[in-house]
Structures are given as structure tokens and as C-alpha cells.
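Visitor: This is the structure, below, for whatever I ask next.
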Amino acid sequence: MAIQKKKKVAAAAVAAPEDPKKAVKRPVEASAPTPKKKKKVVVKNGGDVSAKKKKVVKKVKKVTEEEEEPVEKEVSKLQLLDDDDEEGLDGLDFTQQEGSDDDDLRDDYSDDDDDDLPIEKKSAALDKKKEKILKEGEEELQLNIANQATFELPSVEEIENEMKSVPNLEIIKQRIADVIQVLGDFKNRRDPAKSRTQYVEVLKKDLCSQYGYNDYLMGKFMDLFPNGAELLEFLEANDNPRPVTIRANSLKVKRRDLAKNLINRGMNVDPAAEWTKVGLVVYDSQVPVGATPEYLAGHYMIQGLNSLLPVMALAPQPGDRVLDMCSAPGGKTSHIAALMKNSGTLFANDASFDRCRAIIGNLHRLGVNNAVVCNLGGEEFSKIKPNGFDRILLDAPCSGTGVIWKDQSVKTSKDSQDVQRRHTVQRQLILSALDSLDANSPNGGYLVYSTCSVLVEENEAVVNFLLERRHCELVPTGLAIGVDGYTRFRDYRFHPSLSMTKRYYPHVHNIDGFYVAKIKKLSNAKMSKQAVLEMEKEKASAKSQKKKQAAEEAEDSEEESGDEEKAQNGKANGKAEAGKKKNKKKGGDDSDDDEDVETAPMKNIGSGARANKKRRNQKKAAAKQAAVKEDDGFNTVGNVKRAKKPTQFKSKVPKRAAARTGAKSVKNRRKKMLAKQQP
């Protein structure tokens, strides 16, 4: 039996496939080429086989003959096996299975197109294999989706009952993921009996219980981030603290030197970002960051990266008059002073007296010399010093929805009334700040408005309110990072230029939530841009009408003067004729009488040009006086009546001659007085 099986194995080895390429790639045990294969290779090559290919065929023959001997030795060794082992040999199959990957590659490689290079054939085979794998993966995905169990949405009442007891966070987390998945493909995965609003309500309840927010704030965040995955990233980022960052005080030290000193102190610091030249991030420290000798010497200020952005947008210049309306605790104020190089005038104001103490302490420590600390309400500056500043920074008080990680009480304490009170104060402050700016400043007239909030009501809505009520416009902030502001949000439509404002999110930029807008004041008029344009149009039309009226009056006066001249000439001619007749009658009058008669009527004879010119000059003077009265001092330059210079007496006698005669007369008077006094 064993010998017969061995013969079968040898026969199987002899009965190899006729394809020469496959025969070369098969294992040694199954490679026994026949003479027919050699003929096929020659015929396939068209009989024009080169000498090198013939040598290769001969080498293949020698290799196959040498490999037949170990096959025979293996067959002889198989005789020593038992019958049980013989039965196990029946299952052996030395031929390759159909449909294997190697067969696919071999079939792709052995295409009929002989013009392609071998590497091209291999790449085509790999591409086909990749397409096959992708197709199988897509089929598996569709199968998993089809076999996936449908999500059953619980009612709001059931969720409220769950919240009364101790909630299971794992179940809530899984339900949040399922609802977000359903909302992502609502048409295919929804429950026909449930609406989208029901899914959204369930998601809001679960998010509130998972992250600890009230319904109002969670609704605002869901409106702000309609994408469920982005919303979860934002909520997770609000619970994680931001990295500790410091700002190098350029008035005392450079950032490079400060970093070396802090590293020697045992702090691990690196440059904070590419867009700032003064920021450093502290990874870990062996000493307290706020108690090092460098901190006490004023070499740096512990400050978030988000507070650097509004000062960079403001870009104060040396010598400017700058106001920081809400400056406590003084980080932004000291940054402004550093950019101004301690020149110009800097007003640091805050409404809280206790916070003003912190401003004074930080400014003294950081070496700021050009600052004036004020304790006033922001609304007072438009009354105290209107149009008195070149640049103003307004970091308005806000709800703090961008720095929730610092104060977790914001999650439950903020409601609609609180946000409404905040944005009402913000609108008053931004109007007062713009009224305090000088639009005619040579390198100023800029206002930077910023908040540490992400709500639209406190950001875009406030800036849009200012654009509607004052003559100003938005300009680019000049910041390299940030998301563009909203020009349309749900049902609200804002000015298109609000896209130049910048938004910052903790899950995108790894800094606190922030908003920055830069505004340029165009005129000192306390009215909107449209009102200013309408007023200018009215003034231009009034001027044109006045000019037309003046031209018409001049024409009428010229016509009247012409008529009067004609009448006067007629009367003079009549009188002259009458005088001539009288002279003829008398015949013996003196020549003087004749001259009087002839010259008397000549006083009224003339063209009237001087009188008309005098009238025109009087009308021009009256028009200038009226323009001075109507000028409001905001937009038009106006015609200011200059005072006439007093006429000086000019003597015809030269100065030296006058002085000489004067001195002589004085001497003579003195001599006379002395002569009288002497006896």
C-alpha cells in the first residue's frame, strides 16, 4: 500500500501544469517539467529565442534533474512510516488551491500583454488586490450596519426619573453616542415614531447630567456647535485646564535670557507659539511659578495666551494716548506699556477700587512709568474726555463661558437674564469707548473689543449694535490664528464685515474661549454711518441750492442795474437838453454856470459795475457767515472768519532820521530844563 501511494505522489509530481511560468514558481517537490513545456516556451516566443534564453532553459533542465534525486530519497523514506501515517498522507495536496492570492498575482502577472514591463504587471496586480480588499471591507461594513440593533429612544419622563436616582454614567455615555449617531444619519436610522426634536431633547438632558450644565447654557452650546462630535470635544475641553503660560516683560529682559534663567531654576519652559514673540509655556516646575526671583523682579507676568491677542490687535505705537478701560489685574496694561516702550500716556481704568490695587502693584513690579491708574466707570470717559484718545482697549466684563475650567460655577449660575444684563453693559461701554476716540488722530482712532465668552449675544451682536449707531467700520485684526466671526447665526443676520473678527475655542486652539474685534472710527459724529452719509448729502444739496440762488440773484441784479442805467441815461439826456435850451435863451451866462449845468448830471452816469461788485461781495460775506453758523464741527471744515490785522502807521521819514531828530530834541529839552534850574 505504501509503495502504491508513493507512486501516486510521484505521478502527481510528474503531472505538473503546462504553464511554464507557474512551473517555475511552484515548490521543488512539485516541479517536474516535461518536454512538452519546453516546446511550448519555444513556440510562444515565436522561434526567435536568443542564445541567453536557451542557456536559461538548459540550466532549468539541470536543476530539475538534480532535484529529482532528493524526491526519490524522500519517497524511499516514506516507506518506513506506519499505516496510520499512510492514512494521514491521503489528505496531503501538493498542488496549489484554486482562487488563492498567489494564483491571482500570477494570473495578473501572466497577462497576454507582453509589452508591459514586469514591474508594471506587479503594480497592476497589487492594485487589483487592494480593490478586492476594499470591496470586502465595504461589504462587511454594510453587513454590520444591517445586522446592528436599532436604537430605542427613551422618553424625556423616563430620563427625568433616572436623574432623580443615582445616574449610571456608562449608560448615559452610551446613549449620548447612540443619539449622536442617529442624528448624523437621521433619515436611515431614525425611529419613525420619534421626531428630531425628541432626539435633541433627550440628548440635551443626557449632556446636562453628564457634564453638569443647566438647560440654558447647554442649549446655547448646542446651537453654537451643531455637530455632535465637536460639541463633545468642546465640553471635554472645558473640564480640562489650559497649560500654564507666562509673558516675558520686554522692558526688563528678553525672552531668550528669561528662558535660560528659568531653566536653571528648575522649570521646563518652551516658546508658547509661533505667533507670539513674548510667550512661554511652562510644562513643569520644581519651584512655584509666582515666587521666583525673576517674577518678583518683574521679568515676567503669569498670563494666558488669549490675553496677548487683543493687545497684538491694538498695536499701540510709541507716543500714543491709550486707554485700557477694564484693565485689572494689569497684564494687558503692562503689555501695552512694553509695546509703547514706556512712552506716551497710558490710562489704566477699572470700576473696582480693590482691583485697582492689583493694577498698581503689577505696574510697579514690571517697571511701567507712563501709566495713570483711574477708578471710574467706563461710561464716564465719553463725558470727561470725549475724542481724547488715539487707541482704546475694551476687554468687557462677560459671562465667562470661555473660561469655564477656571470657575465651574458658571455651568449652573448663568441664565438668560444674566446674559442679557451683561450684553446691555457691554453695549454701553462700547459706545462710550468709541465716543472717547479721536477720529482725526494721525495714527490712531482704533478700538479693540474683546471678551472671554463664546456666546454670540456678547460678541457679534454687540459689535453689530455699534456699527448701526456710530460712524465706524471693522478692519482686519492682523492675527495669524482664529476662526472667522459669524455673519449669520440661526435667525440673526449681521453685517458682512463681521467675518473680519476672530473667535478662539479651547478644543481648537488649546487656549481659553475668546473673541477679538478691531474697529476704526471714521468721524467724531455721534450717529450711524448711514445718518452721516445722509447728512453729507443734505449739506451738499443745500450748498448747490445756495449757489444756484446766488447766481440767479446776481443775474436779476444785473438786469435791474441795466434798466436803472437806461432810465438814468434818459433822464440825464432830457435834463441836458433842457439846460441847453435855457442857455440859449439866456445867452449871457458865465462860463462857470455852464460848467455846473453840464457836470451836475454826470454824477449819475456810469455802467454800474462797481455797485454790482460790491453787492456780490456782500452776498459772499453773508454766505460765509451762514456757513460758519451751520457747521457742526464734525465732518465739514467750515469757513472761519479771520480777524483783520490792525493797520500799522508807516512814517515816510526813515527810522534813523526820526531817531536822530528825536534824540536831538530830547537833548535840547534837557538843556533848557537844566538852564532854568540853575540860578
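Cβ atoms here come from the backbone N, Cα and C positions, even for glycine.
Not my notes, these are from TrEMBL:
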ACT_SITE  Cys452  active site, nucleophile
BINDING   Cys326, Ser327, Ala328, Pro329, Gly330, Gly331, Lys332, Asp350, Asp395  S-adenosyl-L-methionine binding site
COMPBIAS  18-28  compositional bias 'Basic and acidic residues'
COMPBIAS  52-61  compositional bias 'Basic residues'
COMPBIAS  81-90  compositional bias 'Acidic residues'
COMPBIAS  99-117  compositional bias 'Acidic residues'
COMPBIAS  552-563  compositional bias 'Acidic residues'
COMPBIAS  611-622  compositional bias 'Basic residues'
COMPBIAS  641-658  compositional bias 'Basic residues'
COMPBIAS  666-679  compositional bias 'Basic residues'
DOMAIN    234-522  domain 'SAM-dependent MTase RsmB/NOP-type'
REGION    1-118  region 'Disordered'
REGION    536-679  region 'Disordered'
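How about a rundown of where these features are and what they're close to?
Guide: Within 10 Å of the C-beta atom of Cys452 (active site, nucleophile) sit 23 other C-beta atoms, taking all shown protein chains into account.
In sequence order, Asn349, Asp350, Ala351, Gly378, Leu394, Asp395, Ala396, Pro397, Leu429 constitute the residues six or more apart from Cys326 (S-adenosyl-L-methionine binding site) in its chain with CB-CB distances below 8 Å.
Taking Cβ pairs closer than 8 Å, the compositional bias 'Basic residues' (611-622) reaches residues 550, 553-554, 557-558, 561 in its own chain, all 6 or more past its ends.
Across the compositional bias 'Basic residues' (666-679), DSSP classifies residues as 12 helix, 0 strand, 2 coil.
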Visitor: Rounded to a whole number, what is the top Cα to Cα distance in Å among the residues the record ties to S-adenosyl-L-methionine, namely Cys326, Ser327, Ala328, Pro329, Gly330, Gly331, Lys332, Asp350, Asp395?
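Guide: In whole numbers, the farthest two Cα atoms are 13 Å apart.
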Visitor: Distance between Gly330 (S-adenosyl-L-methionine binding site) and Cys452 (active site, nucleophile) at the Cα atoms, whole Å?
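Guide: Between the alpha carbons of Gly330 (S-adenosyl-L-methionine binding site) and Cys452 (active site, nucleophile) there are 16 Å.
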Visitor: Looking only at the compositional bias 'Basic residues' (611-622), what are its DSSP counts of helix, strand and coil residues?
Guide: 12 helix, 0 strand, 0 coil
Visitor: Validating a neighbour-count step here. Other CB atoms within 10 A of the CB of Lys332 (S-adenosyl-L-methionine binding site): how many?
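Guide: Taking all protein chains shown, Lys332 (S-adenosyl-L-methionine binding site) has 26 Cβ neighbours within 10 Å.
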Visitor: Mean pLDDT over the domain 'SAM-dependent MTase RsmB/NOP-type' (234-522): what is the value?
Guide: 94
Visitor: For Ala328 (S-adenosyl-L-methionine binding site), which residues of its chain lie six or more apart in sequence with Cβ-Cβ distance below 8 Å?
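Guide: Result: Asp350, Ser352, Arg355, Cys356, Ala358, Ile359.
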Visitor: Starting from the Cβ of Asp395 (S-adenosyl-L-methionine binding site), draw a 10 Å sphere and report how many other Cβ atoms land inside it.
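Guide: Around the Cβ of Asp395 (S-adenosyl-L-methionine binding site), 22 other Cβ atoms lie within 10 Å.
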Visitor: What number of additional C-beta atoms lies within 10 angstroms of the C-beta atom of Gly330 (S-adenosyl-L-methionine binding site)?
Guide: 28
Visitor: Cα-Cα separation of Cys452 (active site, nucleophile) and Lys332 (S-adenosyl-L-methionine binding site), in Å?
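Guide: Rounded to the nearest whole number, the Cα-Cα distance is 14 Å.
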